[in-house]
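What TrEMBL annotates here:
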- A:6-21: transmembrane segment (TRANSMEM)
- A:26-44: transmembrane segment (TRANSMEM)
- A:50-70: transmembrane segment (TRANSMEM)
- A:82-101: transmembrane segment (TRANSMEM)
- A:128-152: transmembrane segment (TRANSMEM)
- A:173-202: transmembrane segment (TRANSMEM)
- A:222-247: transmembrane segment (TRANSMEM)
Amino acid sequence: MNAIGLLIIILFILMVFVGGVQGMKAFVGLVLNFIVIFILMILINWQFNAYIVTALMSVIILALAIYLGAENQFVTNTAFKTSLIVVSILMVVAILVQHLGQFQGFATENSEELEGLSLNVGLPFTKVAVIVMVISILGAVAEAAMAIVADLNEVIERTPNLSKKSLYAHAHIIGGQILGTAINTLFFGVLGANLPLLIWFIRLRYSIAMFFNAKLLMMEVITMLLGMLGILMSIWVASRLVVHGYVKIQSKNMRKGE
Amino acid sequence: MIFLKKTKNYWFVAIAVIAAWFLLRSDSFLYQEPVGQVTHVKVQSKQKTTDEHNNTDNIYHQQLTVKLLNRNKIIKLTNQYTDSQTVTHKYKVGDQLLLTGHAGHFRIISLKRDAVIGSLVVLLLGLLLIYGKWRATSWLTLSLVANVILFAIALYIDVHLKNPNVILIFSILAIVVASLSLVLVLGRTLQMVVTLLATLLSTVLTMFIMFAALKITGNEGVHFETMSYVTQVPVTLFIAQTIIGVLGAVMDEAADIVAALFGLRREKIERHFKDYWHAGMNVGRDIMGTLINVLFMIFIAETMPMVFLMLRNGNNWPYILDQIMNLGILQTVISGIGIVLAVPVTSALVGWIAERYKVVD
């Protein structure tokens, strides 16, 4: 039996056991996201405009990740809005960073894998680099947005007559905690994905200059930095949106009371 | 004026970012290698090509006039690039280059990218400072820097031992890094000890499941040999990678669940195992899906450039899934198992401990 197949079955059983219906939904969400990324790659391979395809698919991926992840409508709507704002800003930053730093394609470190492959393939790898940056941060942005909105929502539900100011104070404390752990997750995730490359750089005695300039390594650093920026912005935007939404609902209720 | 005052901090950050950009653009005196800046570009020829898979592309030859910044000299270089820029680069006026060689025989080794990276770091730190104020930000930065240093030490040990036990080195690293991060975030409290225990226990269990699955199936369908940048045995390297990836996510999740359950404990100390178990499972259920997504996106995005190249080279999807995306998918699935397992493990552990220690610290 295929090892990956067996592990996928184990994952499915665990998710259903731990999460019940919600776990099953989350699993379906993962599978659907995989299919969306699949479609994204097919469309770009067919020479559709890379940025437009990425923007559209990012919206779908975020929607799947958020709406299949939780139940509460206020939480999911706010988190979705936050993620859209943050990802659009970051996409612009990614395009700018790629323009300045030229992180596209492969380097001499890939020689072995590239052997026998045609490299004049007529697909702009400058755009592929931007796609990689944007796709890598989607998960982190959605997660941070969901976490802070869900926590704040709980604060609102638990404490009646919460003032705007104290909600902001809560947002700040909770945001700080989420920021710390989310950045850690991203940090280890990226390190975990790049262990072989780092060992390569050290083992082959790359000069210090290369540690700060080499394409492949810097691409990973940029991805990590953009992700951290994304987490920070999504906490910030989400707090604003939650407080704004709360004040609106409250004033509506007050008017009803009169 | 009021607008300027209100947004004062952001202006400071913007100025700092621009300052970092210009500073790092003029740091060539720090480099031993010759550093040059492109001052003029002339395209000498353009040639259309079609490869054996009917992909059309253009090959350009460009002549670059480069001013050496730390050698006081002007040289001319020729460079070849294609529209797709898979391995080649199109250089523009203003690009700074790291060169090698001397008098008359210079070769480009890399674009100089430190200014872009540095500016982005300054932007991130600046925004963190505005959001988190000085104290919180310095703790976070400290823990990140400490983690990088610990990581560098582990890498150094791994590279300099003759027969390194990679799994052991990186397992120890994982334990040290997890303890340190949690102490820095939570302080030396019972909450920190419980979070750490839950993190380590979940990671160990996940690794156990992975080993069992690989053993039962005899590694069928798993291609460790397709790993990139391999300088040592790929299987152990993959395991070390997975331990690190799982650890970060599980730590995040366990910290969330434990924090919520300790909140319950503070409200009312007389609770039973069942209360904690149910509450913990509820919290975990909400976060596990999005957490798996975080790692999934990172691992899959990583494989994309190679997938595109293979597609353009006429390879079919089954082959690409099997050869290029294989390890990315495997790492996602194992990390997913870790993230899901951490929910019951953490809930049970907190319940068990909280039932026994009823003194609030």
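Cβ atoms here come from the backbone N, Cα and C positions, even for glycine.
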Counting only residues at least 6 beyond its ends, the same-chain positions whose CB falls under 8 A of a CB in the transmembrane segment (A:173-202) are 109, 140, 143-144, 147-148, 151-152, 155, 210-211, 214, 216-217, 220, 223-224, 227-228, 231-232, 235-236, 239
Going along the chain, which residues at least six beyond the ends of the transmembrane segment (A:128-152) come within the CB cut-off of under 8 Å? 37, 40, 44, 50-51, 54, 58, 61-62, 65-66, 69-70, 72, 74-76, 78-80, 82-83, 86-87, 90-91, 94-95, 97-98, 103-105, 167, 170-171, 174-175, 178-179, 182, 185-186, 219, 222-223, 226-227, 230-231, 233-235, 237-239, 241-242
Of the listed stretches A:6-21, A:26-44, A:222-247, which one has the most C-beta pairs under 8 A with the transmembrane segment (A:82-101)? A:222-247
Can you tell me which parts of the same chain pack against the transmembrane segment (A:222-247), counting only residues 6+ beyond its ends and a CB-CB cutoff under 8 A? 74, 78-79, 81-83, 85-87, 89-90, 93-94, 97, 101, 103, 132-133, 136-137, 140-141, 144-145, 148-149, 152-153, 156, 162, 164, 167-168, 171-172, 175, 178-179, 182-183, 186-187, 190
Near the transmembrane segment (A:26-44) in space but 6 or more residues beyond its ends, with Cβ under 8 Å, are 11-12, 15-16, 19, 50, 53-54, 57, 60-61, 64-65, 68-69, 123, 127-128, 131, 135
